[in-house]
Amino acid sequence: MGSLRTRQLFHAALLWLCLPLPLLLCENLHCYYSPVLEKEITFELVVTECPPNEMCFKGLGRYGNYTALSARGCMLEKDCSQVHSLRLLGTVYTMSYSCCDWPYCNRAVALEPLTAMLVAAAVVACSFCLT
């Protein structure tokens, strides 16, 4: 019984050490890309690799109080959190950008890296409990 418990703890510790390795070894950040589109238009997100010194962003275009446009991709950190005007099909939208600096962080549903790691660890730990 003790040996099985020790082995399970060892596997859990190993998992906690191995999960962050890919994040630490990657040179450039991987993000999702989509062009500036009307919010209602669905677009299959494309994975892109950002150039050095760029971060993932998610941009929203507003017309008055209505969020009408969205975009994703890479941008320089100095350009993050900025707001500017964009003219599209004769309408002027106010584009605002929010940036993040971990892989695939600009997807539609926000999921923090620590949360993802904890969920993965819980799944693995439960699989050991069932065996």
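Each Cβ is built from the backbone N, Cα and C atoms, and glycine gets one as well.
A simple way to gauge crowding: the CB of C31 (disulfide bond) has 29 other CB atoms within 10 angstroms, across all the protein chains here. Under the heading disulfide bond, Swiss-Prot lists C31-C56 (among others).
In the three-state DSSP classification, C50 (disulfide bond) falls within coil. Look at Swiss-Prot and you will find C50-C74 (among others) tagged as disulfide bond, backed by similarity to another entry.
Proximity of C80 (disulfide bond) to non-local residues of its own chain (separation of 6 or more, Cβ distance below 8 Å) is seen for M55, F57, Y97, S98, C99, given in sequence order. In three-state terms derived from DSSP, C80 (disulfide bond) belongs to neither a helical nor a strand segment and is classed as coil. What Swiss-Prot lists as disulfide bond is C80-C99 (among others), and the listing cites similarity to another entry.
Sequence annotations record features per position, and here Swiss-Prot assigns disulfide bond to C100-C105 (among others) based on similarity to another entry. In this view, C100 (disulfide bond) is surrounded by 18 other Cβ atoms within 10 Å of its Cβ, with every protein chain counted.
Swiss-Prot lists 31-106 with the feature domain 'UPAR/Ly6'.
The Cβ of N65 (N-linked glycosylation site) lies under 8 Å from the Cβ of no residue that is in the same chain and 6 or more residues away along the sequence. Mapped onto three states, the DSSP output places N65 (N-linked glycosylation site) in coil. Residues or ranges marked as N-linked glycosylation site in Swiss-Prot (evidence: sequence analysis): N65.
Positions annotated as GPI-anchor amidated asparagine by Swiss-Prot, on the basis of sequence analysis: N106. Around N106 (GPI-anchor amidated asparagine), the same-chain residues at least 6 positions away in sequence with a Cβ under 8 Å from its Cβ are C31, Y32, C56, F57, K58, R72, G73, C100.
What Swiss-Prot lists as signal peptide is 1-26, and the listing cites sequence analysis.
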Just the number: how many Å between the Cα atoms of C74 (disulfide bond) and C105 (disulfide bond)?
11
